[in-house]
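What Swiss-Prot annotates here:
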- 1-76: topological domain 'Cytoplasmic' (TOPO_DOM)
- 98-120: topological domain 'Extracellular' (TOPO_DOM)
- 142-152: topological domain 'Cytoplasmic' (TOPO_DOM)
- 174-331: topological domain 'Extracellular' (TOPO_DOM)
- Cys210-Cys277: disulfide bond (DISULFID)
- Cys211-Cys241: disulfide bond (DISULFID)
- Asn226: N-linked glycosylation site (CARBOHYD)
- Cys227-Cys235: disulfide bond (DISULFID)
- Cys242-Cys256: disulfide bond (DISULFID)
Amino acid sequence: MKEEECSPLLSQDTAGREHPLTRNSPPTANIPCPAPWENQKGSWGCRCCPGAKRQASGEGQASSLPLSTGSNCVKYLIFLSNFLFSLPSLLALAAGLWGLTVKRSQGIGWGGPVPTDPMLMLVLGGLVVSVVSLSGCLGAFCENSCLLHWYCGAVLFCLALEALAGVLMVTLWKPLQDSLKYTLHAAIIHYWDDPDLHFLLDQVQLGLQCCGAVSYQDWQQNLYFNCSSPGVQACSLPASCCINPQEDGAVVNTQCGFGALGLDQNVAGQVVFLQGCWPALQEWLRGNTGAIGDCAVAVVMIQGTELLLAACLLRALAVHEAAEDIEAGPL
């Protein structure tokens, strides 16, 4: 090295002695600036992910600061609860997709007389719940603040939608009743057109022990059960209208309602249910208002608890990251 030149990594004092540059020494043009986040491992490519600052760039050693016991409990509680919620939602999603696939293979269209396709509702509900639950599950397990922030936003959005639905249900109760009654009539008319509609209406009639929308005579609106129909089901009713469809046997007698529409009301009342499903549904709602309210409050409380736990975990992760930065010191 020539006498008039100095090393780019060394500085000289007035006596000509060389000594290493200190931390406060100005940078020189010969020293390249290290690339940001160089030599870091474990990052998912997101600045808010936990692995982004877990290793020192020079030493390559991970920080040894663990989460506190309370934060770990919150973390695994969020993971377990959302994992349990994701299982039935994924099952519902799979069942809905299977049902839609079967319907398409049978040539049944997406549109129908009822406002919404039951299988499509099952798919959408299962998809929303599974995506939200899995984001909370993975966000807590991986300590990923990006997913946890998204999870909190999704839960808040669901709570807002539920509050809006409650307000609309109270303010628009009368139009909702009329719409539900119309849906029952439409389901009767198109009973044989959609297997999902067929199944749901049968379950409603069996569960509420009713027949038709307002009375059992509403089945006259169906082309197959109308008394003027030339088919074998003329003046008949579905087996789900029968008081004892199995007739004390193991197999349902699908012909138990044959000819019931042509019978006298007193005679027909011994074979089938005469009350319509709409009055029966109103009576059921009045008798179970308290239970429905308790379920709604429980759902809101569960969502609020999950939101609070996620916020606590986010705060703990922020404090933990700040502590790691302090422990690592300036680079």
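Note that Cβ sites are derived from N, Cα and C of the backbone, with glycine treated the same way.
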Same-chain residues at least 6 positions away from Cys277 (disulfide bond) with a Cβ under 8 Å from its Cβ, in sequence order, are Leu184, Val204, Gln205, Leu208, Cys210, Cys211, Gly212, Ala213
Same-chain residues at least 6 apart in sequence with Cβ under 8 Å of the Cβ of Cys256 (disulfide bond), in sequence order, are Ala239, Cys242, Asn244, Pro245, Glu247, Val271
All chains considered, the count of other Cβ atoms within 10 Å of the Cβ of Cys235 (disulfide bond) is 18
If you count the other CB atoms within 10 A of the CB of Asn226 (N-linked glycosylation site), including all protein chains displayed, you should get 16
Fewest C-beta neighbours within 10 angstroms among the disulfide-bonded residues Cys210, Cys211, Cys227, Cys241, Cys242 belongs to Cys227
Taking only the CA atoms, the spacing between Cys227 (disulfide bond) and Cys241 (disulfide bond), expressed in whole angstrom, is 17
Averaging the pLDDT values of the topological domain 'Cytoplasmic' (142-152) gives 93
The correct DSSP tally for the topological domain 'Cytoplasmic' (142-152) reads 8 helix, 0 strand, 3 coil
Simplified to three states, DSSP reports Cys241 (disulfide bond) as helix
